[in-house]
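Comments concern the structure below.
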Amino acid sequence: MYKKSASGDVPVISKGSCYLENESQDMLPSKKGQDHDRNGKVVLKKKVTLLRGISIIIGTIIGAGIFISPKGILQHTGSIGMSLTVWTACGILSLFGALCYAELGTCIKKSGGHYTYILEAFGPLPAFVRVWVELLVIRPAATAVISLAFGRYILEPLFIQCEIPDLAVKLVTALGITIVMVLNSMSVSWSARIQIFLTFCKLIAILIIIVPGVMQLIKGETQNFKDAFVGKDVSVMGLPLAFYSGMYAYAGW
C-alpha cells in the first residue's frame, strides 16, 4: 500500500524496504547487510559480540610489551632487586593513570579517547595535533614494534642453533602486517575471530611463564632473591631506559 510522505513528493511503502517514512528523498534505499536505527538511518550491523569485545580489551591491555620489556629492564638496571623495584614503580604510575582515565570516562561521556579529552580540556588545535601525531608517529611505531616481536617469535623455533637473520624477521613482519590489514579490510567477523585466537595464545603464554615460576617459588627455589641488589651499578642513562621499558609493558592502561 502506498501513502504520501510529509512533503507530498515521494511515495513511501508503509511496510516495504524501498524508502522509510521520515527519510529525505536523497537517502538511498536500504541494502542487504545494513540495519536501521530508531530514527530510520542506515547503520552497520553490530558484529562485535561480548566475547569479541572482551578479547579486544584483553588484547589491548596485554600487548607485546610484557614479552619484550623484561629483558630491557633487567639489562638497564643490572640486578634483580632493582628490576623488581622498577616494575613496582611503573605499576603504581600506571595505576594512577588508569584511575585518571576512569574518572575522565565517567565525566566526559563521549567517544574519541585522547582526542575528546584534549578537545574538551585544551581546545581544537591541541586535539588536532594529537590526532595527527597518533596517526603519523605513535601508532606506526607501536605497530612496528609489535610486528617485529611477532616476526622474531615466529622464527625463533626455526633458528634455535643460530642467530635469526634480520631480513627474515623483516619479511615475516611485513607479511604479518599485510595479512592483518587484508583481514580487517575484508571481514569484521574474521578479524574478530583472529583477535580471540591471539588473545587466548597470549594468555596461555603468560600462564606458561607464571605457573612454573610460582611452582618453583613454592618448592623453595629462592636463591635468585639472595643479594638481589648485588650487580652492576645503575647508570644515569640506564634507569630512564628501564622505566621506559616498564611503562611500555604497562601501556595497556
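Heads up, the Cβ atoms here are built off N, Cα and C, so glycines get one too.
Because TrEMBL annotations are produced automatically, they should be read as predictions rather than curated entries.
Per TrEMBL, these features apply:
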TRANSMEM  48-68  transmembrane segment
TRANSMEM  80-102  transmembrane segment
TRANSMEM  138-155  transmembrane segment
TRANSMEM  167-190  transmembrane segment
TRANSMEM  196-218  transmembrane segment
TRANSMEM  230-251  transmembrane segment
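When Cβ-Cβ distances below 8 Å are used as the criterion, the transmembrane segment (196-218) is approached by residues 51-52, 55, 58-59, 62, 66-67 of the same chain, each at least six residues removed from its ends. The stretch from 48-68, 80-102, 138-155, 230-251 with the most CB pairs below 8 A to the transmembrane segment (167-190) is 138-155.
Most Cβ pairs under 8 Å to the transmembrane segment (80-102), among the stretches 48-68, 138-155, 230-251, belong to 230-251.
Outside the transmembrane segment (230-251), and at least 6 residues removed from its termini, the chain residues within Cβ reach (under 8 Å) are 63, 65-66, 68-70, 72-73, 76-80, 82-83, 86-87, 89-91, 93-94.
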